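Colleague: Quick one: the structure is below, and I'll ask about it shortly.
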Amino acid sequence: MAKSQIWFGFALLALLLVSAVADDVVVLTDDSFEKEVGKDKGALVEFYAPWCGHCKKLAPEYEKLGASFKKAKSVLIAKVDCDEQKSVCTKYGVSGYPTIQWFPKGSLEPQKYEGPRNAEALAEYVNKEGGTNVKLAAVPQNVVVLTPDNFDEIVLDQNKDVLVEFYAPWCGHCKSLAPTYEKVATVFKQEEGVVIANLDADAHKALGEKYGVSGFPTLKFFPKDNKAGHDYDGGRDLDDFVSFINEKSGTSRDSKGQLTSKAGIVESLDALVKELVAASEDEKKAVLSRIEEEASTLKGSTTRYGKLYLKLAKSYIEKGSDYASKETERLGRVLGKSISPVKADELTLKRNILTTFVASS
């Protein structure tokens with residue numbers, strides 16, 4: 001197979017993966033609004049602004065609603081960013097945020113939702129208007145809850161990098177951060193060496209004082225090699241947190257929790273793979289020995305990657321030069337299906353490393 005076809009396959013797979021992990025709340029734009037709304041299903045639409053405090057407070061409730069109704073074929077749960085999509089917001093008379101409107105099936109004439117802004121009330125409203133009987137889904141919590149009983153065991157574990165939010169239940173900024181912080185925990189839930197945690201420092205004042213907490217929320221990072229901890233002073237968007245953890249922990253996740261194309265790549269072994277592919281049949285065993293030697297020097301999480309490089313190099317020698325491209329194709333097909341996150345990680349690492357074999361052929 002030509003290299004261009006292989007790289008096209010990678011790009012297509014990436015698009016499939018992004019679609020598979022898209023938010024349960026459908027994002028609408030000026031261009032897509034009337035292609036989705038007013039058709040064969042009723043639609044509940046939140047018109048919001050990213051800077052709006054009430055919108056931030058509503059966000060986790062609305063996401064819970066979206067998760068619950070995602071399989072309901074007769075109902076759409078959607079949202080519009082009115083900072084970006086001014087035309088459609090103006091058209092439907094939006095003058096404050098958040099504005100929630102219900103569009104009946106086959107109609108672009110909305111009725112404004114005036115009820116409580118929580119998932120339970122919204123679900124009751126949608127079920128009534130949409131003729132559905134959907135129960136609210138339980139939303140998994142991936143943020144580790146700390147207490148005085150487990151704080152030292154979790155935070156001071158020298159095998160883990162731990163990000164801790166010290167918060168107070170009454171703190172408005174903490175409430176605004178909560179949905180983003182939960183997403184951060186979800187992104188890194190497959191990483192054994194990373195923990196995203198929080199502590200109610202209002203209820204557990206002694207721990208807050210011990211770590212110099214004087215305002216809420218306070219975020220502190222406790223890396224494996226510095227359990228005194230230090231303040232996190234970065235941005236508070238999802239991408240900011242993900243970039244920080246990737247840099248500090250050596251992980252390679254995107255904001256959807258998928259491994260990036262850099263995951264598993266070891267530069268020194270990549271260089272040896274290129275030599276292996278270019279080597280004559282008589283020279284390949286000598287290069288394989290060097291790969292084995294280099295892999296044995298790796299430490300920490302890279303030890304796993306070294307073993308995978310060695311295994312794939314042996315398969316490349318045993319099965320022939322077309323092994324890498326055929327195996328890459330097969331992995332692409334499997335990754336395009338519904339598989340567990342653990343399996344997806346395993347196959348993505350393998351595919352990433354095989355990319356060097358393919359590119360060097």
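Glycine is no exception: its Cβ is also placed from the backbone N, Cα and C atoms.
According to Swiss-Prot, the feature signal peptide maps to 1-22, an assignment based on sequence analysis. Annotated domain 'Thioredoxin 1' per Swiss-Prot: 23-131, in sequence order, evidence recorded as sequence analysis. As annotated by Swiss-Prot, disulfide bond applies to Cys52-Cys55, Cys171-Cys174, with the evidence given as sequence analysis. Feature annotation from Swiss-Prot assigns active site, nucleophile to Cys52, Cys55, Cys171, Cys174; the stated evidence is similarity to another entry. The site 'Contributes to redox potential value' annotation in Swiss-Prot covers Gly53, His54, Gly172, His173. The site 'Lowers pKa of C-terminal Cys of first active site' annotation in Swiss-Prot covers Arg117 and is backed by similarity to another entry. The annotation domain 'Thioredoxin 2' is assigned in Swiss-Prot to 132-250. The site 'Lowers pKa of C-terminal Cys of second active site' annotation in Swiss-Prot covers Arg236, and the record cites similarity to another entry as its basis.
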Colleague: What's the CA to CA span in angstrom from Gly53 (site 'Contributes to redox potential value') over to Arg117 (site 'Lowers pKa of C-terminal Cys of first active site')?
Modeller: 13
Colleague: For His54 (site 'Contributes to redox potential value'), which residues in the same chain are close in space, meaning a Cβ under 8 Å from its Cβ, but six or more apart along the sequence?
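Modeller: His54 (site 'Contributes to redox potential value') has long-range Cβ partners Tyr97, Pro98, Arg117.
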Colleague: Across the domain 'Thioredoxin 1' (23-131), what does the pLDDT come to on average, as a whole number?
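Modeller: Mean pLDDT for the domain 'Thioredoxin 1' (23-131): 95.
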Colleague: Taking just the CA atoms, what is the gap between Arg236 (site 'Lowers pKa of C-terminal Cys of second active site') and Cys174 (disulfide bond) in Å?
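Modeller: About 11 Å separate the Cα atoms of these two residues.
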Colleague: If I take the alpha carbons of Gly172 (site 'Contributes to redox potential value') and Cys55 (disulfide bond), what is the distance between them in whole Å?
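Modeller: Distance (Cα to Cα, whole Å): 12 Å.
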Colleague: What same-chain residues, at least 6 away in sequence, bring their CB to under 8 Å of the CB of Cys171 (disulfide bond)?
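Modeller: Those within reach of Cys171 (disulfide bond), by Cβ under 8 Å and sequence separation of 6 or more, are Phe216, Pro217.
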Colleague: Which chain-mates of His173 (site 'Contributes to redox potential value') that are at least 6 residues away have a CB under 8 A from its CB, listed by sequence?
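Modeller: Once residues fewer than 6 apart are set aside, His173 (site 'Contributes to redox potential value') is near Phe216, Pro217.
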Colleague: Give me the CA-CA distance between Cys55 (disulfide bond) and Cys174 (disulfide bond), in Å, as a whole number.
Modeller: 14
Colleague: Among all the protein chains here, how many other CB atoms are within 10 A of the CB of Gly53 (site 'Contributes to redox potential value')?
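Modeller: Excluding its own Cβ, Gly53 (site 'Contributes to redox potential value') sees 13 Cβ atoms within 10 Å.
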Colleague: Rounded to a whole angstrom, what is the C-alpha distance between Cys52 (disulfide bond) and Cys174 (disulfide bond)?
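Modeller: Cys174 (disulfide bond) has its Cα 15 Å from the Cα of Cys52 (disulfide bond).
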Colleague: Could you say which of the recorded positions Cys52, Gly172 has its Cβ with the most other Cβ atoms inside 10 Å?
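Modeller: Counting every other Cβ within 10 Å of each candidate, the maximum falls on Cys52.
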Colleague: If you run through the domain 'Thioredoxin 2' (132-250) with DSSP, how many residues end up as helix, strand and coil?
Modeller: 39 helix, 24 strand, 56 coil
Colleague: For Cys174 (disulfide bond), list the number of other Cβ atoms lying within 10 Å of its Cβ atom.
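Modeller: Excluding its own Cβ, the number within 10 Å is 21.
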